[in-house]
Structures are given as structure tokens and as C-alpha cells.
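Feature annotation from TrEMBL assigns transmembrane segment to 27-50, 82-101, 108-127, 133-153, 174-198, 210-231, 271-290, 310-329, 341-358, 378-401.
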Amino acid sequence: MDSKQASSTSTDSSSLTPEEVVDRHRAVYLIFLLHGVGMLMSWNMFITIAPQYYVSYWFTVDGNATHYAESFMSVVGVTSQIPNVGVMFVNMAVVFAGSLMLRVAIPLIINCFIVAVIIALVIFVQPNDNDRNWFYIVTLIIIISMNLCNGIYQNSIYGIVADFPDNYPNSLIIGNNVCGIFTSVMSIMTTLDVNISVAVSPDNVMLNALLYFSISLGILVFCGLSLILLVKLPYYVHIMALGESAREKDNAEAPTLAQYFECLSQCWVQLFNNFFVYFVTLIVFPAMMTETPFYRTPGEPWGSVFPENLYYAINTFLNFNVFASLGSFTANYIQLPTPRFLWIPVLLRVVFIPFFMFCNYQPIGKLRTVEVIFKNEWWFTIGGSVMAFTCGYFSSLALIYTPK
């Protein structure tokens with residue numbers, strides 16, 4: 001197709017109204033939802049298997065937690081956030097590079113390579129004193145690299161979806177939470193020795209880790225292949241042509257610094273809301289919640305309604321992901337408070353940090369000296385549910401409100 005034909009096609013597409021081009025079978029929406037799953041799949045699989053594979057299997061020796069085990073989950077929480085600032089500048093710097101789709105595809109390919117490296121480490125490297133130090137360092141490098149790729153991937157896919165109607169960006173958040181539910185159910189099933197495609201023993205940590213990361217790799221490959229279909233769908237082509245036409249009209253193909261500040265001045269409140277929702281959430285989940293065991297006095301038998309070997313899998317991971325998904329889904333239909341007042345409940349969520357500290361929070365290797373106030377497990381369970389629901393709901397609202 002020559003340039004005149006391409007121009008004509010773009011013009012014909014952009015001259016149509018959104019009502020004249022339909023997302024048949026919701027194919028575009030479902031592909032975006034798939035990428036919502038894919039952008040967090042590698043990280044969710046990692047963080048779900050981390051307490052079992054890294055903390056207990058690699059960094060605990062003869063039942064005694066090494067200093068690697070004591071610090072791992074907290075360091076992971078911090079290390080995973082380091083790339084975020086870098087991603088912001090990278091996405092601004094490569095704005096002239098053109099295709100957002102290219103900036104989706106490349107991180108996907110790199111992430112496939114990273115997960116393949118993890119699989120190789122699971123297969124070929126076993127825990128021992130000589131390898132523990134370098135394995136810890138390499139794992140942190142992997143975490144930074146994975147989150148850097150996920151950050152570019154996530155920012156770029158949001159950039160693409162921004163041209164679509166309001167509920168399309170929210171499909172990514174719903175996909176994020178569906179991914180979390182999937183990994184939580186995986187954790188429960190492997191613990192219960194349920195057959196998925198092969199028999200999985202809860203005692204065989206290496207096999208569990210191999211299963212987790214292999215599924216993660218498969219989903220990432222599937223996401224990559226879905227891009228080939230996405231760019232050929234008429235609804236996608238039409239909406240992207242409309243967005244391209246609008247940017248050309250506003251001379252926004254290569255935004256100036258002034259245009260960045262103008263845009264920021266109009267949407268910074270919702271950007272802050274989105275940031276602060278996740279800032280509070282990531283302090284509490286998973287690090288604090290996975291270090292808050294069921295409260296019982298020394299010698300007291302297990303008394304939780306949840307089985308001991310599934311306590312964190314159900315009461316932390318599944319609880320969070322189910323209610324975060326419900327929150328995101330609810331935001332499609334109920335949108336309160338209004339954009340002007342959303343910052344108020346977002347800031348109030350900071351109370352979750354001291355709340356969980358006054359539950360039975362016991363960081364590994366530290367002696368708790370403050371009295372536990374919320375001893376009943378239902379405080380922890382319901383608090384986790386509310387924290388998760390508000391995370392999904394308010395983050396979705398902030399995303400929906402940002403373009404308005």
C-alpha cells in the first residue's frame with residue numbers, strides 16, 4: 001500500500017463515528033483484559049511463590065532463617081518499586097520513537113527471556129551455602145529488570161488504551177486482579193496437591209516453582225501473539241486512527257515540555273490519587289500481611305477457620321485479589337465520590353498502615369514489643385478485604401477520571 005492509499009484508509013477510518021465501528025465479540029476489550037493479566041503475571045507468580053521457594057527453600061537452613069530470609073520480602077517490596085521512577089523518564093524520553101505498540105512488544109519479549117532465566121535457575125541451581133549470596137543478588141537484579149519491563153509495558157499499553165472509551169482502560173485493572181486471583185488459586189491448588197496438568201506435591205518446592213514460572217512464560221507468549229491479532233481488528237484500527245488524527249490536529253505527536261506541564265496541570269490530582277492508592281497498598285500487601293500470623297498464645301492449638309497450611313494463601317492473597325477485582329468491577333457501574341473529592345478517601349486509606357501494625361504483625365527476625373490490639377483474626381480478614389476493595393475501586397476511579 002502506498003502512502004496515498006494509507007492516508008486514504010486512515011481518513012476513511014477516522015471519518016466514522018465510534019457507533020459505526022463495533023468491537024465485535026468484545027475482542028479488543030478481551031485482548032486488553034488479557035494484557036491486564038499479562039502485565040502482572042510474571043510478578044504475581046513470583047511474589048506468590050516467593051515465601052515458599054525463596055524464603056523457606058533457598059534462604060532458610062535447617063529451619064533457621066538466614067539474614068537473607070529475614071530481609072527478603074521487605075527488600076523485594078522496595079526493590080520492585082525502584083524502576084517506577086526510571087520508567088516515567090524512559091517513557092518521556094522515547095516519546096519520539098513512535099509506535100507505542102513497539103514499546104509493548106519489546107518489554108514482553110524481554111520479560112519472556114527473564115522468566116526463562118528464572119526457570120533455568122530453578123532447574124539447574126540448588127540451595128547451598130556457596131551459591132546463596134550470588135543467588136540473592138541475582139534475584140534482586142531479576143526483580144528490578146522484571147519490574148522495569150513491566151513498567152514500560154504497563155505505561156505503553158495504558159497509552160494505547162487511553163484512546164478508547166472509559167471502560168477499556170479499566171479492563172486492564174480488572175485483568176490485573178484476575179491475574180491475582182489466578183495465582184492465588186494456583187497457590188491453594190499446589191498446596192492441596194490437586195492435579196492441574198501434572199501431579200504437584202506440596203513438598204516438592206522446586207516443582208511448584210517450575211510450574212508457576214512455566215505458566216507465567218506461557219501467558220506472556222500468548223499476550224505477545226495476541227498483539228498480532230489486535231492490530232488487525234477493525235475497531236482497534238478505527239479508534240487508533242481517531243486518536244492519531246486528534247494528536248496531529250493538536251500538534252501533539254512530539255509533545256513539548258510546555259504541553260507536558262499543561263497536561264499535568266489538568267490531571268495531576270487523579271495521577272496522585274492513583275499513586276497514593278498503590279503506595280499505601282504496596283506497603284501493606286504483601287510484606288506486612290504475610291508477616292501477620294494467626295494470633296494465639298504459646299502452646300495454644302490452631303484455632304483459625306482457615307487451615308494452617310492455607311492461611312496466607314486464602315486470608316492474604318486470595319482475599320486481596322478477589323476483593324480488589326470486585327472493587328475494579330464495581331467502578332464500572334458506581335462512580336462515587338466525584339473527581340473533585342476522590343482525594344479524600346484516597347488519603348484516608350493511610351490508616352490501613354497503623355491498623356495492620358496493631359494486628360499480630362511480626363517481621364521475621366524481629367521481636368515485637370508493642371501490644372497486639374486486634375487479636376481476633378476477623379479484624380485482619382475484614383481489614384484486608386476493605387483495603388483490597390478500596391484499592392481496586394479507587395484506583396479504577398482515578399483511571400476513569402484522568403481523561404475527563
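Positions of Cβ are set from backbone N, Cα and C atoms, glycine also.
Taking pairs at least six residues apart, the transmembrane segment (133-153) and the transmembrane segment (310-329) share fewer than three Cβ pairs below 8 Å and do not count as touching. Below 8 A, the CB atoms of the transmembrane segment (341-358) and the transmembrane segment (271-290) form 3+ pairs separated by six or more positions in the chain.
Same-chain residues lying 6 or more positions outside the transmembrane segment (378-401) and placing a CB less than 8 Å from one of its CB atoms are 166-167, 169-170, 173, 177, 270-271, 273-274, 277-278, 281, 284-285, 289, 292, 315-316, 319-332, 335, 339, 342, 345-346, 349, 352, 355-356, 359-360.
Among residues of the same chain six or more beyond the transmembrane segment (210-231), those with a C-beta under 8 A of the stretch's C-beta atoms are 27-28, 31, 34-35, 37-38, 41-42, 45-46, 48-49, 101, 104-105, 108-109, 111-112, 115-116, 118-119, 122-123, 183, 186, 190, 196, 198, 200, 237. Only residues 6 or more beyond the boundaries of the transmembrane segment (108-127), in the same chain, are considered here, and those with a CB under 8 A from a CB of the stretch are 38, 42, 46, 53, 57-58, 135, 138, 142, 145-146, 149-150, 153, 206, 209-210, 213-214, 216-217, 220-221, 223-224, 227.
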